[in-house]
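In what follows, a single structure is set out as structure tokens and then discussed.
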2 protein chains.
Amino acid sequence: MNTIRSTKAIAAWSRSLHREGVTIGFVPTMGALHDGHRSLIRAARLACDAVAVSIFVNPTQFAPTEDLSKYPRQLRHDQALCRREGVDVVFAPTVKAMYPEGAHTTVTVPALARRWEGEARPHHFQGVATVVTKLLSLVQPDIAWFGQKDYQQAMVVRQLVADLNLPGRIVVHPTVREADGLALSSRNVYLTQQERQAAPVLYRALQAGASAIRTGERRGAAIQRLMIRTVAREPLARVDYLAVCHPTTLEPLATIERHAVLLGVIRIGTVRLLDNLLVTARHRS
Amino acid sequence: MNTIRSTKAIAAWSRSLHREGVTIGFVPTMGALHDGHRSLIRAARLACDAVAVSIFVNPTQFAPTEDLSKYPRQLRHDQALCRREGVDVVFAPTVKAMYPEGAHTTVTVPALARRWEGEARPHHFQGVATVVTKLLSLVQPDIAWFGQKDYQQAMVVRQLVADLNLPGRIVVHPTVREADGLALSSRNVYLTQQERQAAPVLYRALQAGASAIRTGERRGAAIQRLMIRTVAREPLARVDYLAVCHPTTLEPLATIERHAVLLGVIRIGTVRLLDNLLVTARHRS
């Protein structure tokens, strides 16, 4: 397995493979790889001839007040995981390689990025959209995998790939969870032991919402109240937002017609936890 | 020569050629092709194995008050010119193919796009940057040619290609002029006969500036005044801006150290005419 540092070298690697008719699967990450990433890598390994994983803690998607400097970095460990999983190339550029002096072009997906995480983190999705455009343009994958845990991010990426005619198909891969339901995230390491025990309340709240929909509830507001009440029972948790949304536009739904996504973010201590569930309302027979 | 209408088909064409090791030269245009475009096509024909020309009057780079609806469209004539010049593919998508319902991702190059044309036409360069990103991503050229006449546009494109790691090298090709110095432009057809006779004053003004630099003038303000005075002698012409700028940042220069670009836009009747000259101040011996 090769680790590539320069943008020119990764572009050349991709070009040479495409010239041979080799298909490329791509898993973009910020490193601190866990079983969620592993599951994306395995999906890529199964579907494509060659697999590239990028490891880049993208500064432009962090606000100055956020955790950029303390975000977990463990390249050696990540390289070892990639090697075990049969990854062909780890692309781990420096910040300077990705953002040379004078670079200032930005990619924006205004409608999809406005709500939810976009409200909480105003420049976040512009940073994501810009770096994903760069990465896809460099790696030129046939397929790229994104985790469902960051659902809005995955929708922003789908939209920008379609809108800018970027290469590759975007696959959104199911969230991997701990035994108690907590969605895997590199930020879970920030939780104290006590907070960790409280954290699964988010998944329980989303499940309560999904279960209400299964038993016939269609009113967005009622489902939202139920989810909020579930989180309220956990004293360490505060709701950032819990919402019943259209699965592609992410607009709140007054009434569920058929498909919906339950989006949730809570804070436990200083940690923001994200999760979501896709639900389909079935007609009762 | 093929005319391709769909984004999928042009991407497939490009992929199949790259798989064969064929190099692709690309000339993006808004059609109404003239000898300026012909000169870009010939440069592409000489440098690359295959040549694609896009013909697309991009609505997102026009303001509602501008000439989108009356912009000259003459696909048959353009196809014939391309055929004669040995173009392999004309890519002439519909607006709906380029901007399907719901598309809303935009590319912005804020610092370079702020001044000059960006001031006169606030959303212009965002439209240009977005469509060029799409076209380069679809065609995946080895080299793409842009005319020097639209100098700021060429610099915006260079910047976004570098910043977003888009495929291809950008070549800026010298302006082609009429015998009297008027830069070729598809919008020259808007000029009445009398206005057409007045139009070369812009080139004369730029030449006066360049000539002052050759004879030792280094003060930006003095060169600017000279250019403005030259245009003032033509009663049909009004100055939009005439400026002495750094050739890559496009910031105004108080003093010319070595390289500069003289940027000029005048209005004659309702028509805005653009032109520019690159100049190098030589040390006197």
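For all residues, glycine too, the Cβ spot is worked out from N, Cα and C.
No curator has checked TrEMBL annotations; they are predicted automatically.
Taken from TrEMBL, the feature active site, proton donor applies to B:His37. Secondary structure at B:His37 (active site, proton donor), taken from DSSP and collapsed to helix, strand or coil, is helix. Taking a C-beta cut-off of under 8 angstroms and a sequence separation of 6 or more, B:His37 (active site, proton donor) has the following same-chain neighbours: B:Val27, B:Thr29, B:Val53, B:Leu81, B:Gly147.
Within the same chain, residues at least six positions away from B:Gly36 (ATP binding site) with a Cβ under 8 Å of its Cβ are B:Gly147, B:Lys149, B:Thr175, B:Val176, B:Ala183, B:Leu184, B:Ser185. Per TrEMBL, ATP binding site is recorded for B:30-37, B:147-150, B:Val176, B:184-187.
Counted within 10 Å of its Cβ, the other Cβ atoms near B:Gln61 (beta-alanine binding site) come to 21, all protein chains included. Summarising the annotation, TrEMBL assigns beta-alanine binding site to B:Gln61.
The (R)-pantoate binding site annotation in TrEMBL covers B:Gln61, B:Gln153.
Under DSSP, B:Gln148 (ATP binding site) is assigned to coil, being neither helix nor strand in the three-state scheme. Cα of B:Met30 (ATP binding site) to Cα of B:Gln61 (beta-alanine binding site): a distance of 11 Å. Comparing CA positions across the binding-site residues B:Leu33, B:Gln148, B:Gln153, B:Ser186, the one lying closest to B:Gln61 (beta-alanine binding site) turns out to be B:Gln153.
Taken residue by residue with DSSP, B:Ser186 (ATP binding site) is part of a helix. Cβ neighbour count within 10 Å across all protein chains ranks B:Gln153 highest among the binding-site residues B:Gln153, B:Ser186. Every protein chain considered, the tally of other Cβ atoms within 10 Å of the Cβ of B:Val176 (ATP binding site) stands at 18.
The distance from the Cα of B:Gln153 ((R)-pantoate binding site) to the Cα of B:Ser186 (ATP binding site) comes to 16 Å.
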